[in-house]
Every structure is written in C-alpha cells, then in structure tokens.
C-alpha cells in the first residue's frame, strides 16, 4: 500500500469522526464521546467516568462479522486494517517496554492476518528505535504479505528460521511478539508453531530462575493456542505479559491475567458500535492504543533502576565547579532533555520547616544561579527569614544530578526589569495577575483579571513590572555532582571552597554513595 494512500485514509478517518468509539457507560449519544483532538484533561475526565468493567468482549462469530462488515459496506481494505493494527501493537509495546531496556524484539508471525499484523508492527518498532527480528516460517505468497516482507528487508531487519532461534528465547531477545494465530484460528497448532508455542510457554515457566532476565511476551489479539472464547482452557498455554486486543477484546481475553492489557485499532465506526452495542474506552489524544482495565499493582519496594553510566573520576573533572556544571548542562541540552534548567528549590523559614518546589534557572554566571518569582510568595518569605537555600538539578536521561547550596540575595531591580520585559507578554501579565501562594476563590477569578489586563495592554504598550516581582541569586558554597552507577555504587564528587595563599580555590572530595 502506498504511503500516500495510508496518509489519505488516516486524514479521512480523523476528520470524519470514524475513530470515535461509542462510550455507553456515561452517555447514550455517540457524539458525546471524546474526539481525537480532546485535551489531556478531557481524556482524564473521560477515563474517570468510564467503567472499566463494562468493556465489551466479543464472541468469535461477532468478531468475524465485524471484520466482514469493515471490509465490505464500510469500505476498509485488509491492508488498511492491518496497517492500523500493527501500528497499535507497536505503540502499545512502546508504552510499557522502552527501547533503552527492551531493544531486541522478536516477532513470530503466522501465515494469516495475525502474522501480517506482526510484520507491520516490526516495521514500526524499527522506526521507534527498537532492533526487530522476524521469524516467519510459513510465508503467505499473496502480494500483500510479500510486500510487507520486502519492506522489512529494505530496512535490513533480520529474518530467522525456527532452527536458527535459540531454544531459550531469553538468550537473544528482550521482547517476543506472539503474532502466530488470531481469533479465526481453529484446531490444534501444527509444526513448527506447536514448538514455538511451547518455547513461549517455557519462558514463563523459567521466570523464577535467579539472575536471569527473561523475555517478555506480547500476544496480538489472542494468545496463540488459546480458545477464542474460553481462553487458556487447561492452564498450560502461553501466559503473555501483554495482550494487545484489536477492534474489541475477544471473550477469551477475560482469562488474561498479565499486567498489561491494551486495546488497539481505533477504527470502530459508530455503525459497528451501535449494532454490536460495543462499550469501549476512549483513546488518549492521537494514540492508537489505550489500556484496558486497571493498571497493574506495583510493589513500590521492588522499583529500582540499575544505572549504567561512564565512570565519573576525579582526574576527569573540571577544577572549577562552574565549568563542570556548564559541561553537564550542555550535555543535558544536547541530549534533548525536557526543561534541563528545571531545578528543585528548597528553603527553610524561621519555624524550621523545609519546603521545596520546582523553579526554572534563568541566569548563571560566576556570581551564582538566578531565578525569578513573586517577592510575597512562600519561598520569598522563607528566604527573608533564612537567606540560605539549596538547588537540585536532576537529568534522568543521563543518570545525573547536581546539588548546589549557598546564601541567597535579591538581584538588582535593573536586572529584574530587564528579564521581565524579555518574557512573552502573556507571562508578564500572568506575573501581575498571580498573587503567588495566596488563596483564590477559583480559576475564573484569575482568568477574568488576565483578560482585563490583556485588553488593557492590547495596544502593545509597555507592561510595567510589578514591584513585588524579581530575581534571586544563590551564591554557591557547595557543589555536589552525582552520576548513577551499577549496584548503587554511584559517583559523588563534592566541591567546597578553601583559600590557599589568599586565593579562593575549590577542593574536590569523593563521597560514599
């Protein structure tokens, strides 16, 4: 299928509203369902109102009839549905299993449409930054499937035979996609798929081996070998970690006990939803997948990250901590991290109670770190009572943090004035409207005052800086640079000032992690 045809199809369904599922749990009018352009807050409200237990599960016959209707009077082609299904599988995987930790993905494809979904998913995962591999032992000679294989070969995605796969798939892959058999499959799996299914069963059975990270299993629409309506009948089948149901979950998916169940496709038109009385969750924003049911329960005590980073050694650091900070800050910028200038500001008032909040670094020179705020805010009151503070920068993508401590004083009014008028006019008006940290009766009060000031200065005239707004500068007396390492043996290098022959220098000490 040509890319132009896919784009034209997606554009058509987005603007004609065909992607909106019927949400009967809180409305009998299909038009009230969230649209693909709904805001994140609207989606959150929709999900809050949605009864997850009311999701419709399809019988095999109904699932088949829906497919026939989609590819008949509703004008879909099998390649269009396959493209959307495969994209849904890939986006579901990217929601949970990030390529930084789960990069090697093996897709095992069957001879039918389920296998085609897997081939499409492999292509999208390649573009998402994963390293896909494909096992496609019974290739379908139809042009559609041959074209999908050609697309993968053009991306240099390796194809493995069954014999080339390791007996224990965990030895070579982080994720295994089960795209062998869909809801239309009947009978018992025949070679080589019976053996492949047993390898996936073995992955789950080997889960308790100490020190071994096993591959996670993602099944497409229905776990291969399961009964479409009765599920894993004798309890000896594949037990996937993720199930990506397509169109609507099949009845057998009620027996799915894994942590991640997603719905994908987003191609159910109102006519289908009405005829089969489908109750489906709203999709977030432009996403092709949505989680079904409640998120898995997480053991907070078991959450941990084993950091892998270059060593941070004393002989490699800058003698001046300001230079070292600039070096790390530039690394955060180059890595494309979101708001690398975000920092936690901690203050303590006369009552001895600490408080912290996120602010943005807006200036840095040899004198210190500068940020701006309302001089009548809580942080400002605490700084007037105790003019000392600490800053913390955390750059997750680089496994780094920097802590800075020292005395704080206001910047000059001229410096505050200059920065104030460099801000967008909307931010200038917002600074006037917000009596920071004071109680307001509602957002409408802020909005009304903002609109009045916006109208007042609509002629482009200078917006005066509030007298109670300006900057602070923290002058560092301590720096600590932290680099996450394996087994919690983190690198921590601390800079403290000292004088030698009347010259102010910085001493570097390594701290125990």
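In case you wondered, yes, glycine gets a Cβ from its N, Cα and C as well.
TrEMBL labels come from automatic prediction, so no person has curated them.
Taken from TrEMBL as is:
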- 63-280: domain 'YjeF N-terminal' (DOMAIN)
- 113, 114, 115, 116, 117, 182, 183, 184, 185, 186, 187, 188, 221: (6S)-NADPHX binding site (BINDING)
- 114, 178, 224: K(+) binding site (BINDING)
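Per-residue pLDDT, averaged along the domain 'YjeF N-terminal' (63-280), amounts to 92 for this model.
Counting only the Cα atoms, the space from residue 115 ((6S)-NADPHX binding site) to residue 224 (K(+) binding site) is about 11 angstrom. Recorded residues residue 114 (K(+) binding site) and residue 185 ((6S)-NADPHX binding site) have their alpha carbons 10 Å apart, per Cα-Cα distance.
Of the chain residues outside the K(+) site list 114, 178, 224, 108, 110, 115, 118, 179, 180, 181, 182, 219, 220, 221, 222, 223 have their Cβ within 8 Å of the site's Cβ mean position. Of the listed binding-site residues, namely 117, 178, the sparsest CB environment within 10 A is found at 178. Distance noted between the C-alpha atoms of residue 113 ((6S)-NADPHX binding site) and residue 224 (K(+) binding site) is 13 Å. Taking Cβ-Cβ distances under 8 Å and a sequence separation of 6 or more, the neighbours of residue 224 (K(+) binding site) in its chain are 110, 178, 180, 181, 185, 189, 193, 197, 200, 238. Neighbour count (other Cβ atoms within 10 Å of the Cβ, all protein chains): 27 for residue 115 ((6S)-NADPHX binding site).
With a cut-off of 8 Å between CB atoms and residues at least 6 apart in sequence, the same chain places 85, 114, 117, 182, 183, 244, 245, 246, 250 near residue 221 ((6S)-NADPHX binding site), listed in sequence order.
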